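K.L.:
The structure is given below, and queries will be raised subsequently.
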Amino acid sequence: MSSNETPRGPVDSSRIPRYAGPATFARLPRLDEVGTADVAVVGVPFDSGVSYRPGARFGGNAIREASRLLRPYNPAQDASPFALAQVADGGDIAVNPFNINEAVETIEAAADDLLGTGARLMTLGGDHTIALPLLRSVAKKHGPVALLHFDAHLDTWDTYFGAEYTHGTPFRRAVEEGILDTSALSHVGTRGPLYGKQDLTDDEKMGFGIVTSADIYRRGADEVADQLRQRIGDRPLYISIDIDCLDPAHAPGTGTPEAGGMTSRELLEILRGLASCNLVSADVVEVAPAYDHAEITSVAASHTAYELTTIMSRQIAAARKDA
Ligand SMILES: N=C(N)NCCCC(=O)O
Ligand SMILES: [Zn+2]
Ligand SMILES: [Zn+2]
């Protein structure tokens, strides 16, 4: 979209009931209806990298369905994200479910194409394996990026059954490949049993800082967001959100649930506290609707993607104003 064009927004839910018609994210236009977008919302229906319950391949469409109720004005960030910038639903990246290496290549190539149009990506997973090819692509454009990784898990393990590309290993691969800015890496929401203490030692060596879910409970969302913002500074930032960062009470529909997580309110508040960061792309992963109830998880994921999209739209609009 050029600066003098008005973005095409969502279907008007006061005229067409919000449950009518096929679901796109937030009832936004499809990317092929608008040509190019400032923010492309894309699904990656891939879950061949999981170590426990499968089903995240259905996550993107569950989030789209749950996002029908999102409204165009976001009071928490005082912004109308879909009016500030063109946000559009780019559909799904079709990946091979039987060949993880090929899937990872396909995701990277599709992300290259989308980022090449000038769009920022808001990806709906899929399992956490998909973060690696997305980060590769983002790093080609921006250089090594700061990473905020919201997750119960570290996802810096080495291999599972000899496999390098899995949902428990994307961030170790990313550090090995030099695509992350190791001076600004944080896990947020970490908790639960590990394989051994060495997991933490290895993770620290890679450069990660950890904000546990108990830290969030004790210190509160605002203080945590302040600390994260200071660590990130003005570096290009990628945010990867594994929905299992939330307590299973707030996100039962996921593959590897761990007790004692943050609430959806805490997650949304931390994200709002990061609104001034230079968010270049983001993902929300690990929504497995077969384990969900009453769309609890996909509603939480849709609001999470909405906050992330709002951050990106505001920055795009601010940059246009300055130009
Ligand atoms: N990325 C997610 N959700 N889970 C990783 C868990 C890896 C494990 O089973 O040890
Ligand atoms: Zn996880
Ligand atoms: Zn994860």
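Glycine too: its Cβ is placed from the backbone N, Cα and C atoms.
Just lifted these from TrEMBL, have a look:
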BINDING   HIS128, ASP151, HIS153, ASP155, ASP242, ASP244  Mn(2+) binding site
K.L.:
Taking every protein chain in this structure into account, which of the binding-site residues HIS128, HIS153 has the most other Cβ atoms within 10 Å of its Cβ?
P.N.:
HIS128
K.L.:
Determine, for the Mn(2+) site, the additional residues of the same chain whose CB lies within 8 Å of the mean position of the CB atoms of HIS128, ASP151, HIS153, ASP155, ASP242, ASP244; present them in sequence order.
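P.N.:
Other same-chain residues with Cβ inside the cutoff are HIS149, ALA152, LEU154, HIS167, GLY168, CYS245, THR256, VAL285, GLU286.
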K.L.:
Run through the Cβ atoms and count how many others sit within 10 Å of the one on ASP242 (Mn(2+) binding site).
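P.N.:
Here the count is 29.
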K.L.:
List the same-chain residues at least 6 positions away in sequence whose Cβ sits under 8 Å from the Cβ of ASP151 (Mn(2+) binding site), in sequence order, or say none.
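P.N.:
The answer is HIS128, HIS187, VAL188, GLY189, THR190, SER240, ILE241, ASP242, ASP244, CYS245.
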K.L.:
Would you please pick out, from the binding-site residues ASP155, ASP244, the one with the fewest other Cβ atoms within 10 Å of its Cβ?
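P.N.:
Checked ASP155, ASP244; of these binding-site residues, fewest Cβ neighbours within 10 Å: ASP155.
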